[in-house]
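For 2-120, the entry in Swiss-Prot reads domain 'CMP/dCMP-type deaminase', with the evidence type sequence analysis. Residues annotated as Zn(2+) binding site in Swiss-Prot: His53, Cys83, Cys86. Summarising the annotation, Swiss-Prot assigns active site, proton donor to Glu55.
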Amino acid sequence: MTQDELYMKEAIKEAKKAEEKGEVPIGAVLVINGEIIARAHNLRETEQRSIAHAEMLVIDEACKALGTWRLEGATLYVTLEPCPMCAGAVVLSRVEKVVFGAFDPKGGCSGTLMNLLQEERFNHQAEVVSGVLEEECGGMLSAFFRELRKKKKAARKNLSE
């Protein structure tokens, strides 16, 4: 198992915590010098805050833990490709590297729809490693949304009876 896979497994553990709460199963860990500085998972539904994405929360926790907004030398591991908001937070917090699992065809801004993390017009760019444990990360999301659709369909059926 590679170092990236090891830390992605930790992000997957966080994603499972989100799923247990009925949240979209996305998890993240932030690592500096081989040490996990912060862990987080999606809490958007729980907190009813649009910015409570795993990446935003893990960056916030890391900044608090380190006492600085500059996360130079940090690697962010996240189970789903960052969205525009999260990619912006990565750039603004100076995260050095982003490693993600599943690609996001609807909102991915680390190479799928666009690549904000390596946009040369910004004063900071992050290295990007994509597709680490992609099947496991993507499988969790697919299963979650499949189950959610099933529940919604059953609820509609019950209403029509």
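Using N, Cα and C of the backbone, Cβ positions are placed for all residues, glycine too.
Fair warning: this is a prediction, and the values are worked out from it, not measured in the lab.
Across the fold, the C-alpha of Cys86 (Zn(2+) binding site) and the C-alpha of the residue listed as 'active site, proton donor' stand 6 Å from each other. Neighbour list (Cys83 (Zn(2+) binding site), Cβ cut-off 8 Å, at least 6 residues apart, same chain): His53, Asp104, Gly107, Gly108, Cys109. For Glu55 (active site, proton donor), the same-chain residues 6+ apart in sequence whose C-beta sits under 8 angstroms from its C-beta are Ala28, Ala40, Leu76, Val78, Pro82, Cys86, Ala89, Val90. Secondary structure of the domain 'CMP/dCMP-type deaminase' (2-120) per DSSP, as helix, strand and coil residue counts: 47 helix, 28 strand, 44 coil. For Cys86 (Zn(2+) binding site), the Cβ neighbour count at a 10 Å cut-off comes to 29, with all displayed protein chains included. Of all Cβ atoms in the shown protein chains, 25 besides its own fall within 10 Å of the Cβ of His53 (Zn(2+) binding site). Within 8 Å of the Cβ centroid of the Zn(2+) site, not counting the listed residues His53, Cys83, Cys86, the chain contributes Ala54, Glu55, Met56, Pro82, Pro84, Met85, Ala87, Ala89, Gly107.
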